[in-house]
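In case it helps, TrEMBL gives these features for our protein:
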type    : residues                                               : note
DOMAIN  : 115-294                                                : domain 'Mur ligase central'
BINDING : Gly117, Thr118, Asn119, Gly120, Lys121, Thr122, Thr123 : ATP binding site
DOMAIN  : 317-430                                                : domain 'Mur ligase C-terminal'
Amino acid sequence: MFKPEKWIGKKACVLGLGKSGRSAAELLASRGFSVLISEEAPVAHANRLSFVPGIEVETGGHSSRVFECDFWIKSPGIFPKNPVLLEAKKRGIPVFSELEVALAFMPSKVRVFAVTGTNGKTTTTALLGEVLKEDALRQKKGRQVFVCGNIGSPVSLCASQVKSGDDVVIEVSSYQLEDSTYFRPNIACVLNITPDHLDHHGGMKGYIKAKGRVFKWQREKDVLVLNGADTVCAEFSEKAKSTVLAFSTHPKHLLKSDVFFDGDELIFSEGYQIRPPKLKGIHNIENAMTAALMALSAGVSADTIQTVFSRFQEMEHRIEQFAYHRGVIYVNDSKATNLDSTITALKSFEKCRNIWLILGGRDKGASYEVLRPYLQEYCKKVLTIGESMDKIEQELKGYPVIRCGTLEQAVATAMKGGIKGDVVLLSPACSSFDQFKDFEERGRVFKRLVNAYVFKDRVEGDKK
């Protein structure tokens with residue numbers, strides 16, 4: 001557990017110069033700590049931080065200076081078996097997460113909401129954040145709501161602004177959780193657990209263990225919302241010391257559900273009826289259930305929740321229909337970085353075998369064979385891109401797969417072959433880091449490529 005007062009006068013090493021690392025370093029420096037940021041890769045913008053009082057920066061490798069620091073903060077994306085990290089632990093240097101360091105600098109009377117799971121985190125976090133903001137507006141007590149974590153702003157960036165009585169809603173990844181030596185959210189949820197980041201966590205067991213840390217330090221008066229139809233979540237319910245609430249859209253569930261969907265409204269055990277947001281897919285019904293249960297547990301009225309749900313809009317890169325040309329629909333689901341989220345995207349369409357599925361990127365260790373029954377029902381062609389092409393083609397042997405290599409070639413192939421009634425769906429089931437900065441850039445490039453082709457086709461069509 002990170003206690004700032006214990007480390008006063010000591011030197012910190014922040015491992016990694018990503019958004020979280022920079023924010024953690026600036027937070028520590030603002031509180032009087034001496035900080036060394038050590039980044040393995042050469043970084044062009046590192047000089048900017050060198051001028052921040054209290055911060056030194058080294059890039060292009062980790063020098064022996066890192067071992068002169070008294071404690072470390074590890075950026076979430078750094079591989080747990082990184083040699084320099086293993087050496088630090090061998091020497092007994094305490095390693096903390098950016099998440100717990102940031103929370104340690106917040107006032108004690110702050111409500112912390114944590115959203116985790118394999119899929120649906122960002123939508124649920126955004127929904128919950130908007131509901132709490134609407135509630136704060138209605139209460140008129142000066143309470144602020146900060147939405148941070150994987151959804152955008154690092155938790156460290158919010159820490160200095162949070163005051164007593166505020167709410168902090170955090171989208172928490174397995175990377176952040178695995179490094180936390182103490183994390184106790186007042187209200188937490190686990191949306192679902194399916195294979196993801198297996199390369200990073202050393203397998204499914206390590207991934208589940210990391211996710212389980214979201215409730216590990218909760219107490220009886222805290223709340224944990226779980227997916228009642230998820231096997232791992234059912235196991236979590238047996239270990240939790242907190243009050244467990246469950247949701248499910250499945251007729252068969254393992255935990256007694258506190259809410260169900262009647263096809264039109266969410267019906268809660270307390271008798272509340274709330275219409276869910278108009279978002280595509282049954283998975284978004286579950287996201288709404290979770291956000292509502294968390295909000296109700298925090299004392300928010302059903303009327304406030306309904307107000308927000310009624311106006312909530314589809315989020316970018318999440319089964320986002322953005323173009324329609326010559327009878328073909330174009331859908332950006334770049335956020336689908338694992339197989340389960342791609343299956344979810346496919347299931348949001350009719351079983352017409354009319355989907356051109358763009359698949360691939362950096363592989364995360366799971367088998368693409370689980371896609372076979374869904375491809376048979378939903379897809380016309382699979383267009384492969386990125387590093388994982390060979391593995392995808394091998395595991396989907398016998399299915400019509402077209403090797404494209406790049407997103408540009410995949411778009412060109414789909415636009416040339418697509419006919420009226422088809423759907424071109426980018427839902428890669430892989431991370432984006434082989435060809436793009438992140439899934440957002442991948443999604444934006446996809447939309448730009450499609451829109452450019454549409455523009456060109458219309459202009460050339462007008463000339464004929």
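Every residue gets a Cβ built from N, Cα and C, even glycine.
Just so you know, TrEMBL annotations are computer predictions that nobody has curated.
Model, not experiment: these values are computed from the prediction.
So that I understand the layout, could you describe where these features sit and how close they are to other parts?
Around Thr123 (ATP binding site), taking its Cβ as the centre, 28 other Cβ atoms fall within 10 Å, counting all chains.
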How does the domain 'Mur ligase C-terminal' (317-430) divide up by DSSP, counting helix, then strand, then coil residues?
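The counts are 38 helix, 34 strand, 42 coil.
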Would you mind pulling the DSSP three-state label for Thr122 (ATP binding site)?
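Note: Thr122 (ATP binding site) is helical by DSSP.
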With every protein chain in view, how many other Cβ atoms are within 10 Å of the Cβ of Lys121 (ATP binding site)?
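Lys121 (ATP binding site): 26 neighbouring Cβ atoms within 10 Å.
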Would you count the other C-beta atoms found within 10 angstroms of the C-beta of Thr118 (ATP binding site) for me?
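Excluding its own Cβ, the number within 10 Å is 23.
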Near Thr122 (ATP binding site), which residues of its own chain have a C-beta under 8 A away, given they sit six or more steps off in sequence?
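In sequence order, the residues whose Cβ lies under 8 Å from that of Thr122 (ATP binding site) (at least 6 apart) are Asn150, Ile151, Glu171, Met315, Arg318, Lys335.
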Let's check the environment of Asn119 (ATP binding site): how many other CB atoms sit within 10 Å of its CB?
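The answer is 26 other Cβ atoms.
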According to DSSP, does Gly117 (ATP binding site) sit in a helix, a strand, or coil?
coil
